[in-house]
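Some features that Swiss-Prot has for this protein:
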- Lys28: N6-acetyllysine (MOD_RES)
- Lys81: N6-acetyllysine (MOD_RES)
- Lys95: N6-acetyllysine (MOD_RES)
- Lys115: N6-acetyllysine (MOD_RES)
- Tyr238: phosphotyrosine (MOD_RES)
- Lys480: N6-acetyllysine (MOD_RES)
- 48-87: repeat 'WD 2' (REPEAT)
- 93-135: repeat 'WD 3' (REPEAT)
- 138-176: repeat 'WD 4' (REPEAT)
- 224-263: repeat 'WD 6' (REPEAT)
- 480-518: repeat 'WD 11' (REPEAT)
Amino acid sequence: MPYEIKKVFASLPQVERGVSKILGGDPKGDNFLYTNGKCVILRNIDNPAVADIYTEHAHQVVVAKYAPSGFYIASGDISGKLRIWDTTQKEHILKYEYQPFAGKIKDIAWTEDSKRIAVVGEGREKFGAVFLWDTGSSVGEITGHNKVINSVDIKQNRPYRLATGSDDNCAAFFEGPPFKFKFTIGDHSRFVNCVRFSPDGNRFATASADGQIFIYDGKTGEKVCALGGSKAHDGGIYAISWSPDSTHLLSASGDKTSKIWDVNVNSVVSTFPMGSNVLDQQLGCLWQKDHLLSISLSGYINYLDKNNPSKPLRVIKGHSKSIQCLTVHKNGGKSYIYSGSHDGHINYWDSETGENDSFSGKGHTNQVSRMTVDESGQLVSCSMDDTVRYTNLTLRDYSGQGVVKLDVQPKCVAVGPGGYTVVVCIGQIVLLKDQKKCFSIDNPGYEPEVVAVHPGGDTVAVGGSDGNVRVYSILGATLKDEGKLLEAKGPVTDLAYSHDGAFLAVCDASKVVTVFSVADGYSENNVFYGHHAKIVCLAWSPDNEHFASGGMDMMVYVWTLSDPETKVKIQDAHRLHHVSSLAWLDEHTLVTTSHDASVKEWTITY
């Protein structure tokens, strides 16, 4: 096999303010699940750097839950499609697909024998359904609510009971199978966000936007108590999760705290303050074995520490929005990956362990369009907030210095030796030296899109939307047009010089990569065909003999310079999402990013 996936650094959960986010637990205790966009992400709970991504939904996925057997996962999307798929094989073969109702699926529950499934949400004609997993035959009706149902759970032993919570401020109680509506529970005064039965089935809890948690008898549905008296939290409660022994309950709230409750004596055991920023609101939680997890509005996943509630054991960071660009850099003998997303967030990853964090301080306020590292070890990034930033990679701190404000929005940035930076903006090319503007070409007569600086430092290539590449010379503090026009096969989308400066590779919207030989006066060396859609990005391998290209067709090709027929094709590198950026860690390791907000490392063998 010429390529192999080496590592997957998965995206964070996709979160929305005021909406609870479900973390699905694994009955075997190894993994946990959540969703982002059209992906379901499975991560190892002990080592979250180990991840797997399921991408077979055509629409945004909202919730995914393991069957109690652990062999299947059911996932539901905004169109009302429920897919049940295999967890034991890498291919995740589809077992069954159902459409219980037309509209967003918000929660899923299985019976303990993994044979029946309840699905609730925002259907047009009904808000829930309960059916056999293998035939889809109905095993009851979910009625009793007049608004969208947010949550459902089923008692995990016989006699079965089912509970739901809805935006009509009520919970409902059902007996079955076949499941029949018994009564409505109207104790809450706001939306009911979450209902959960304890693992032993003796009790169930409801949590609401009114800040209250009520405990009920699991068999009869009678009220037992209100946790914490009149208020369990100062804000709305979005999620609850029982401890494996059914004695304690974990709750997550918009008041930016999570709490552990001793249900038997009705008291708070610990409170976890998660911060003071609005992004620290807690939208989801999971108690699995010894792990207590919560999700913040920032998308970060917190591992809570019972022994030290004020500080999480670890926080999983990353991206929850699409990644636009990446670059790599060696620092202190380690290779790091830097990725920038369309919300202005820049993250750095240890390429071996997947340990990652974001830069401290206030950075870009809009999409990061392009990043590169200059000779002094600074990350140079340009963003739709009309700035170019220079960030020290040893400190990884956005300082007030190192920000260059531009007149128009930058699209691409490239650096050369001697402190030079060239920025391509809308209708403008800007030359910076030592972080200061020294020259600009204001009306170049074409629309510049991308830029590359020759490793020698004296030549700049600018690709335009007119399908041409123009060559400029850096002379002191000016840029001089050399009058050279290199023709690509379509609007130029990216270009790069090989590390030895011998070749310039240009990719375009017409699905072609053209390589020019620099020493021969930029004569055309070779043309590379293979992509089925617009090529977005390219990167040279350190060996100067291979280069990779990624496109809207979700494919990555690794090309051999001397022979266009010798190529490695990575199909569906990021399934359902186009490849947004590429970089090489070494001659055999390629890093790709995509709008699925994940980073992948591939081992390439020739």
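In case you wondered, yes, glycine gets a Cβ from its N, Cα and C as well.
Long-range neighbours of the repeat 'WD 6' (224-263) within the same chain, counting only residues 6 or more positions beyond its ends whose Cβ lies under 8 Å from a Cβ of the stretch, are 18-23, 25, 187, 190-191, 193-194, 196-200, 202-203, 205, 207-217, 269-277, 280-289, 292, 294-295, 302, 304, 306. The candidate set comprises the modified residues Lys81, Lys115, Lys480. Of these, Lys81 has the most other Cβ atoms within 10 Å. Taking each Cβ in turn and tallying the other Cβ atoms within 10 Å, the top scorer among the modified residues Lys28, Lys95 is Lys95. With Lys28 (N6-acetyllysine) as the anchor, the candidate modified residues are Lys81, Lys95, Lys115, Tyr238, Lys480, and the one with the nearest CA is Lys115.
Over the repeat 'WD 2' (48-87), the average per-residue pLDDT in this prediction is 97. Residues 441, 449-456, 459, 461, 463-473, 524-540, 542, 544, 547, 549, 551, 559, 561 of the same chain sit 6 or more residues outside the repeat 'WD 11' (480-518) yet have a Cβ under 8 Å from a Cβ within it. Secondary structure at Lys28 (N6-acetyllysine), as computed by DSSP, is coil. In this structure, the CA atom of Lys95 (N6-acetyllysine) is 63 Å away from the CA atom of Lys480 (N6-acetyllysine).
Among the modified residues listed here, namely Lys81, Lys115, Lys480, Lys81 has its C-alpha nearest to that of Tyr238 (phosphotyrosine).
Nonlocal intrachain contacts for the repeat 'WD 3' (93-135), taken as residues 6+ away from its ends with a CB within less than 8 angstroms of a stretch CB, comprise 22, 56, 62-65, 67-69, 71-72, 74-86, 141-142, 145, 147-154, 156-157, 160, 162, 164, 166, 176-177, 179. Neighbours of the residue listed as 'phosphotyrosine', defined as other CB atoms within 10 A of its CB across all chains, total 30. For the repeat 'WD 3' (93-135), the DSSP-based tally of helix, strand and coil residues reads 0 helix, 26 strand, 17 coil.
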